[in-house]
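> Following this message is one structure expressed as structure tokens.
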Amino acid sequence: MSALEETQSLCKQVDDICNNGMESVEQCNKLLDQLSKIPMSIEIIQKTNIGIKVNMMRKKVTDDAVAKRAKNIIKDWKNVVDGKSKSQDDGGAPPAKKHRKESVEEAKPEKKKIEAPYKRPEPSSRPEIVAQFASASFPPKHLENDETRLKSAQLLLSALRFGDMPQGTLDPEELAVQIEEKLYSVHRDTNKSYSAAVRSRIFNLRDKKNLALRENVLTGVVRAEKFATMTSEEMASAEIREMRDKFTKEAILEHQMSVQQGTPSDMFKCGKCGKKNCTYTQLQTRSSDEPMTTFVFCLECGNRWKFC
């Protein structure tokens, strides 16, 4: 019996467990034993949908050890799809071809072999296969019965996966769960403040002008627990922080100028009371090649205004 035929046969047994509830620890372990011995390939995974079926069985079983074992097997298959399994270190070529390739290279020593760095497969490269593993370990069981928390974790995961993945990326699924759990712990419920905090983090992770934040979270520079408690100011990009600092300084300066005694003048007419009993002060609030800002204070009604 070929590996494909054996996998198809085992798929039927997995379907029986999922559809009829005929699971037992012994039966599940036996199935997993047989599946782990099959030399799985992308073709088999694609034709049999074995990843989806075993993942469904994982969610059905009540034994944690069996569920964990199924999860590990699914991860091994995911590695096959991603081209990271030990049998495919050369990019997916079979061992025999690899041997022939090495022989050819040995016969041509003048050509220096340059090993290309690992490139993460694009999400759309094999959508029909990758979809089988999208929920292999996500979401965790403790979120499956809470619709709000589950949706929050899914949205956070989507935001973490928004765009290219940097080198050294941690597991986005685990990060999404850790962020959600910390948010829930801080707000102690799925209330309005919890929802607002989730939305704020999703917005900042998806902000194309703040790519450094998402990269820092994915690579662990900013820990998931820390990210969950960061303020809007802390999450903001450098450009936004500079703008906020500028506006704050201008507001402070304007307030200070308004309470300081300026130069008396009747050149300015108050737009509020119509009188010309005013004082003014001029300061360079912008770059040196820009006009100075004039701060005017009406001594009659207390109205303040400025112009350049």
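Note that Cβ sites are derived from N, Cα and C of the backbone, with glycine treated the same way.
Residues annotated as domain 'TFIIS N-terminal' in Swiss-Prot, with sequence analysis given as evidence: 5-84. For 82-126, the entry in Swiss-Prot reads region 'Disordered'. Positions annotated as compositional bias 'Basic and acidic residues' by Swiss-Prot: 102-125. Annotation source Swiss-Prot lists domain 'TFIIS central' at 148-263, citing sequence analysis. Residues or ranges marked as zinc finger by Swiss-Prot on the basis of sequence analysis: 266-306. What Swiss-Prot lists as Zn(2+) binding site is Cys270, Cys273, Cys298, Cys301.
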> Kindly assign Cys301 (Zn(2+) binding site) to one of the three DSSP-derived states: helix, strand or coil.
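DSSP assigns Cys301 (Zn(2+) binding site) to coil.
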> Please state whether DSSP places Cys270 (Zn(2+) binding site) in a helix, a strand or coil.
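Cys270 (Zn(2+) binding site) sits in coil per DSSP, no helix or strand.
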> On a count of neighbouring CB atoms within 10 A, which of the binding-site residues Cys273, Cys298, Cys301 is highest?
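Answer returned by the neighbour count: Cys298.
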> Kindly report the helix/strand/coil residue split of the domain 'TFIIS N-terminal' (5-84) according to DSSP, in that order.
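Here the numbers are 66 helix, 0 strand, 14 coil.
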> Across all chains shown, how many C-beta atoms besides its own are within 10 angstroms of the C-beta of Cys270 (Zn(2+) binding site)?
20
> Specify all same-chain residues, apart from the site residues Cys270, Cys273, Cys298, Cys301, whose Cβ lies within 8 angstroms of the center of the Cβ atoms of the Zn(2+) site, ordered by sequence.
Gly271, Lys272, Gly274, Lys275, Asn277, Cys278, Leu299, Glu300, Gly302, Asn303
> Take every residue in the domain 'TFIIS central' (148-263), average their pLDDT values, and give the whole-number result.
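The predicted confidence over the domain 'TFIIS central' (148-263), as a mean pLDDT, is 85.
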